[in-house]
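First comes the structure, then the notes that go with it.
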Amino acid sequence: MRVILLGAPGAGKGTQAKFITEKFGIPQVSTGDMLRAAVKAETELGLKAKSVMDSGGLVSDDLIIGLIKDRLAEPDCANGVLFDGFPRTIPQAEALLNAGLEIDHVLEIAVDDEEIVKRMSGRRVHEGSGRIYHTIFNPPKVEGIDDVTGEPLLQRKDDVEETVRHRLSVYHAQTKPLVEFYSKLEAKNGKPKCSHIPGVGSVEDITAKVLKALS
């Protein structure tokens, strides 16, 4: 079973990815991890990718597809794979298709932008311990102060509202065409099965919807 999992930053994609990989015994594959592993192993593709990255270039889709083919040939991918952060663009989705790498499921965890902004911009972190609070959902006893040490809490740059909104706009610009691409493919070929899963509610509720979509 080959699954593409889509979801905006803060939509809870990581939690569901963990569930899917454990439930179905398939690895989560990200292009970043694959690139790092190939460069470290000094494979032919890894060396090509390294020379491109060292010169400040972007690794081509053809090279990424080559890495994916190599990765899918490994024994732990025998039952399938969960793609994380790939494809991001229509050319990448077309390259997957042209390489004969069929996808069985495309899941999108969908959460309203304002809900994501609320989730992420309210996060506060205690730098020393990594403890995470939230101004609304999990506030510290004293505003802006870590419960244990009494030290100040920080807001990560990634969680600043302006940054969150920018990341969301990038996500939508990339993902909307992808969802349309796979929906048309499903209408034409009956595959992949495309599912739009509301990402609001308890983790258990969302997981149940994911499981139903994959069954």
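Glycine is treated like the rest: Cβ placed from N, Cα and C.
Since the structure is predicted, the reported quantities are computational estimates derived from the model, not experimental observations.
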The annotated region 'NMP' range in Swiss-Prot, which must be one of 30-59, 60-89: 30-59
Among Arg2, Arg123 - the residue Swiss-Prot places in the same ATP site as Gly10, Ala11, Gly12, Lys13, Gly14, Thr15, Ile132, Tyr133, Gly201: Arg123
Other parts of the chain folded back onto the region 'NMP' (30-59), taken as Cβ under 8 Å at six or more residues beyond its ends: 66-68, 70-71, 83-86
Thr31 (AMP binding site) - helix vs strand vs coil (DSSP): helix
Least buried by Cβ count (within 10 Å) of the binding-site residues Arg123, Arg156: Arg156
